[in-house]
Structures are given as C-alpha cells and as structure tokens.
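Student: Below is one structure. I have some questions about it.
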Amino acid sequence: MAFSSSLPRLLRRTSSSLPLRWRLRMFLAGKRSRPFTTCEGSRPTILHKRSIDILHDPWFNKGTAFSITERDRLDLRGLLPPNVMTPRQQINRFMVDLKRLELNASDGPSDTIALAKWRILNRLHDRNETMYYKVLIENIKEYAPIVYTPTVGRVCQNYSGLFRRPRGMYFSAADHGEMMSMVYNWPAEQVDMIVVTDGSRILGLGDLGVQGIGIAIGKLDLYVAAAGINPQRVLPVMIDVGTNNENLLQDPLYLGLQEHRLDGEKYLSVIDEFMEAVFTRWPNVIVQFEDFQSKWAFKLLQRYRSTYRMFNDDVQGTAGVAIAGLLGAVRAQGKPMIDFPKQKIVVAGAGSAGIGVLNAARKTMARMLGNNEFAFEGARSQFWVVDAMGLLTEGRMNIDPEALPFARKLKESERHGLHEGASLAEVVTKVKPDVLLGLSAVGGLFSKEVLEALKDSSSTRPAIFAMSNPTQNAECTPEEAFSTVGDHIVFASGSPFHDVDLGNGKIGHCNQGNNMYLFPGLASYMKEEEVLNGIIYPSISSIRDITKEVAAAVVREAVAEDLAEGYRDMDPQELKKLTPEETVAYVKKNMWEPHYPTLYKCYTSSMGQQICGFILSLRVAASHL
Ligand SMILES: NC(=O)C1=CN([C@@H]2O[C@H](COP(=O)(O)OP(=O)(O)OC[C@H]3O[C@@H](n4cnc5c(N)ncnc54)[C@H](O)[C@@H]3O)[C@@H](O)[C@H]2O)C=CC1
Ligand SMILES: CC(=O)C(=O)O
Ligand SMILES: [Mg+2]
C-alpha cells in the first residue's frame, strides 16, 4: 500500500548524486530485509510492509538491531532509539532486565510491584490500545501513579532494560538534515499533541538521556485518559542530543547516543530542525516541552512561543497548578482569594519550575493589586527564594537572568536579619512565611529544623507544597509535615501520598499538586467545605470531568477574545452562540472515549492493485540483479 507513496521520498533521501537507475535499484533492493535468524548469505526476505508494521511483526522485527541503512530502506528511521545493538547486546539487555526482579527486591518491595504493574499495563497497551485506556480511565486513581509519577521515574531509569516495542519517535543529533523526511515515517496522518523531551532533567532524577522518553509517553497517557485526546493523534518524542550522565555513557546496553550533550548553536539547530519538521507535517499540532534542563527550558520557550503552538509544562503548567493551590491555601485560611497578595512565600528551588511559579504568582498578585507597574514591583517583596546556594540576594555574583527579579535587595534582607546565602531554616525562622513551597528536587530538604521553624509562621494555617518528584525527591512527607508543624496545615505534594490519620477521626489531607492537572482558574472549582478541610485540589478520580470544565472555560474565553478558530462542525460564530452548558456538552462530545469502533475492510482499487503488482515484480526482478 504505502510503497507508491514512500517511493519518491526514499529516492529523494537516497544519495542524490547517484544516477536515478541506481537509486531505484537501491530502493527496490532495500525493500527486502532479513529476518533476525537469517545468517549471512541466506536468501533475502521480501516484505510486503513498511515502517511501523515491520516493528509490530514478530516474524521480521529485529528491534534495536536494525542497522541504520535498513532503518532508512524500510522507513524505520526515527521509530527506534538511535543506538544500533548487536543481537548479543539485545540478549544481554533482555537478560539484565529478566534478572532485575531479584535486584529490585533489595530496593524495596513496592518498587518491584509497581514496575510489574507497569509491565502488565504496557503489554496491554501494545496489544490493545482501546482496552488499555479503558482500564486506565476506570482506575485512574490506582494506575496514574504507575504510568506517571512516581513509577514512571523508575521506568525511565530502567528504560534500556524495559524497552520492548518502540513507542513514539526518536530524533537524534545524527539525524541532522533528515528530520523533514523522518516525520513521514510516523504512521498517523493527524497528530494533535506532541510531548517532547531531551531527557536532560527527568523529574528530579537528573539526566537520563534517551531513557527520558518514558516521561513523554506517561504524560500523553494522561492526555488520553484524563483529557480525552484521541490516542491515535498523540506522539511522544525523544530528541537525543547525547547525555552527560557518565553511567549511561559507560553502559554497553544504553540505547541512546553515547556522546556528551550537544550545546550552543549545535543544540539549537537540532531542536530548530525538529520543530520545523513536525509543524510542516502537522501545522496544527501542539508541542509540549517536558523536562528540559532549566538552562534550555526558558531559552527554547522564548525562541518558539511566538512562532509555534507550543508551551513548556515545567515552566507554565506547574505555574498554573501552583497558583490554583496557592489561592486554595488562602481560602483554607478562611480568607478571600483577593488576600493572596498579602501572603509571604518562601520558594526553595529557582529552576524552570520554581521560576515559572514565582513569575505567575507575582503576576497574579499584581493583577489583584491594580495591574500596573507599581503593583508588579510591589508584589516582588512577597517572595523569598532559596536555591542550592542559599538565600538569593542582589549580593550574589552571576545571577541567572531568570532569577534576577527575585533576588532580594541586600539592605532589605539585613532588615530581616538575613544575608546572601542564608540557609532555608534561617529564612523560614526570620520570614515566618504563610507558604513554604519546594521545587528543588532535593528529597527531605524540609528537614525537622525547617518544619519546626514553620511552626512560628504568621499564618493561622501555613501551607506546605513539597512539589518535587518522584516520591523520594519530595521535600518532606505529609507525615513529617503534619506531625511537626501541626494538624492545621495545608499540604500538597508533587507525587501522590496517602492522607494522614491524625487520630480522633481527623484526617490530614494530602493534595497532589502536579502539573498533570493544569488547573488554571480552577481555584474556585473547589467547594468551600472542602477547602476549609484542607482539600485544595480535586481528586484525580474526577479528572475527566474537571478537564471538560476547564476546556469549556478555555473555549468560552477564546470566543470572548476573538481567538477561537472553531473545530470540526462548529465555526467560531456557532461557538459564540453556545450557552456555558452547551459548551460543556460540545467539549464532552469531542472527547475521545475508549469504545471499539466498527471496522470495515478496505479493498485496494484495481489501479492500486496493478501498481502494487508492478512494483512487486520489479522488486523480484531486482533481487536477481
Ligand atoms: N509538582 C509538579 O507539578 C512539578 C514538579 N517539578 C519538580 O521540581 C523539581 C525541580 O525541577 P526544575 O526546576 O526543572 O529543576 P532545576 O534543576 O532546574 O532546579 C532545581 C533548583 O533547586 C535548587 N536547589 C538545589 N539544591 C537545593 C537546596 N539544597 N536548597 C534549595 N534549593 C536547591 C537549584 O539551585 C535549582 O535552582 C524536580 O524534582 C521536578 O520533578 C517540576 C515541574 C512540575
Ligand atoms: C511533574 C513534572 O512535570 C515534573 O516533575 O517534572
Ligand atoms: Mg516535568
């Protein structure tokens, strides 16, 4: 079927300096491949498939052992991780993974069980996508922590061993100049949502190189299960520009490029080429940047945000979720949201996530205070930022430009008895904040000393956001927070924890403050009694309902601002006529549901059959050349 359409592209890709006759011959010969077990010199195998269909066919699939020339010949480029493995390396990788169960037992039984659950779900995903998402949707509370944080972190760390069937696309530094044709190897005609990572900062686990693709897959699972995006229209992407993780550079079983990360203009040109390629094939796609190290997160956001439909989830998504939580924390104190600008907030961590939250919180406060220059400047004084070097002040050398607006003036700090580099405990002691928010990736950073200091908070109900992921990187556990600071606190964490039994029938609620929810404007969604009970985020069990409400609110806002383009049968004028309830119903109607569609067999037209037959006979002839 796809032979005819892939022919011109393949010919274009094959070295253009060769005569057409040779290029045609290479193309024809190239459509043959040898099964894994065929030894050198045995008869070649003619394939009646191309691209992803070969990877899904156990008779012909060689997985990571397809050579680069075979990947080119069979339209597989980009559908496999870049490192070509020998069959022996493949066996070694499989055996290491098989033995991992025993190894993992020493890391604690829960990890082993969680990884085993992930494998079972992943196998279902490979076999039957509709059923997979039905299971996920119906059991989202139980399985979101498996397909997403925290287990997805483990999966990424072990991805070279867990890798079976490829999912998504891999663009590597070695694909320079090829990406525009590679995007056509993806089998779906329409892609609505891409989540892309370069693997440089996966959750709080650091540089995991090519293995970071697990996070793009996990986030897109949530897009489907929680937001009703059609799974055939999502694409997880890994851009492999190398890794600076020395363990991976030494690991013979690592699936990615074993060279140090590209930097500077070379790095940018790879990302530029990728963006141009995907937007050429799918002009309406949305590209979500995920888990890029801060150094690039801000630069890439600035570089592309006005040209392409893209956003950075760690910078912007985290900000949206944090603001909803911070406003919820104000309400939990029994105050109106408009009191938010009075909150004193200590933020530990000034990376992509921390700075994203700080910028959004400052803007929100400024808007509440009159939305002018004066209000914006005034709001700055509500924040105290502590990073790896302690309290950030203007006395620091070489301040990151993104963090500069939040550096405290030295005199002002001194007035509070604080100095450049003061420890988090000192800052909490002196500032007595209403909110302590962690996006540091340092597990246990909110030590006993820090939490003890928070007991003197000037708030009637201090809020603790231990937002770093995965679980072991959380700045503190809810048990530590409630037992040290008191039953009255509001608590949220990035990865899920159980609620805490406070005794006497009282529950210490553990909210999940994670950008997977992305709840802009949802601070008012929570009922008064829930918020007063310390519940500031909705339960994940209701996430599909909530995303529907959020999407409807976004549609209405887009219509009001004349930005709506319409969708399918509804143009902007018709969208304008919808009542709020009708907008919700319209969104619901367009959400993908995991139902089996009715299938029909598509007969090839007689002309198509003739062309296929002709190409087939040419290929057979070529095999005798
Ligand atoms: N809950 C959520 O929705 C989200 C959570 N995160 C989590 O936030 C964490 C940070 O992400 P990024 O900002 O992208 O990372 P990053 O590596 O860019 O930033 C980390 C920041 O923490 C600071 N830091 C390191 N040690 C510290 C210490 N001892 N005390 C205070 N600060 C310290 C660093 O100086 C840096 O400013 C990760 O664990 C990530 O999983 C990120 C995005 C969303
Ligand atoms: C939640 C998320 O995006 C992160 O931890 O990076
Ligand atoms: Mg992230």
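Cβ coordinates come from backbone N, Cα and C, glycine included.
TrEMBL annotations: computationally assigned, not manually curated.
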Student: Given that TrEMBL annotates Arg201, Asn469 as (S)-malate-binding, name the residue from Asn139, Asn247, Asn514, Asn533 that shares the site.
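Tutor: Only hit among Asn139, Asn247, Asn514, Asn533 in TrEMBL's (S)-malate site, alongside Arg201, Asn469: Asn514.
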Student: Determine which of Asp272, Asp314 appears in TrEMBL for the same divalent metal cation site as Glu290, Asp291.
Tutor: Asp314
Student: Are any of the recorded positions Arg201, Lys219, Glu290, Asp291, Asp314, Asn469 near ligand 1, with a Cβ under 6 Å from it, and if so which?
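Tutor: If the test is a Cβ under 6 Å from any atom of ligand 1, the answer is Arg201, Asp314, Asn469.
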Student: Secondary structure at Glu290 (divalent metal cation binding site) (DSSP, helix/strand/coil)?
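Tutor: Note: Glu290 (divalent metal cation binding site) is coil by DSSP, not helix or strand.
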Student: Cβ-Cβ under 8 Å from Asp291 (divalent metal cation binding site), same chain, 6 or more residues apart: which ones?
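Tutor: Spatial neighbours, sequence-distant, of Asp291 (divalent metal cation binding site): Thr197, Gly199, Ser200, Arg201, Ile202, Leu203, Gly212, Ile215, Asp314.
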Student: Any idea what the model's mean pLDDT is for the domain 'Malic enzyme N-terminal' (125-305)?
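Tutor: Across the domain 'Malic enzyme N-terminal' (125-305), the average pLDDT comes out at 96.
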Student: Using a Cβ cut-off of under 6 Å to any atom of ligand 2, determine which of the recorded positions Tyr148, Arg201, Lys219, Asp314, Asn469, Asn514 qualify.
Tutor: Asp314, Asn469, Asn514
Student: Given Tyr148, Glu290, Asp291 as the recorded positions, which ones have a Cβ positioned under 6 Å from some atom of ligand 3?
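Tutor: Listed by sequence, the hits are Glu290, Asp291.
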Student: Measuring Cα to Cα, tell me the gap between Asn469 ((S)-malate binding site) and Tyr148 (active site, proton donor) in whole angstrom.
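Tutor: Here the two Cα atoms lie 10 Å apart.
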Student: Assuming the binding residues for (S)-malate are exactly those in the record, Arg201, Asn469, Asn514, what is the maximum CA-CA distance in angstrom, rounded?
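Tutor: Comparing all Cα pairs, the maximum is 16 Å.
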Student: Counting across all protein chains present, how many other Cβ atoms fall within 10 Å of the Cβ of Glu290 (divalent metal cation binding site)?
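Tutor: Excluding its own Cβ, Glu290 (divalent metal cation binding site) sees 27 Cβ atoms within 10 Å.
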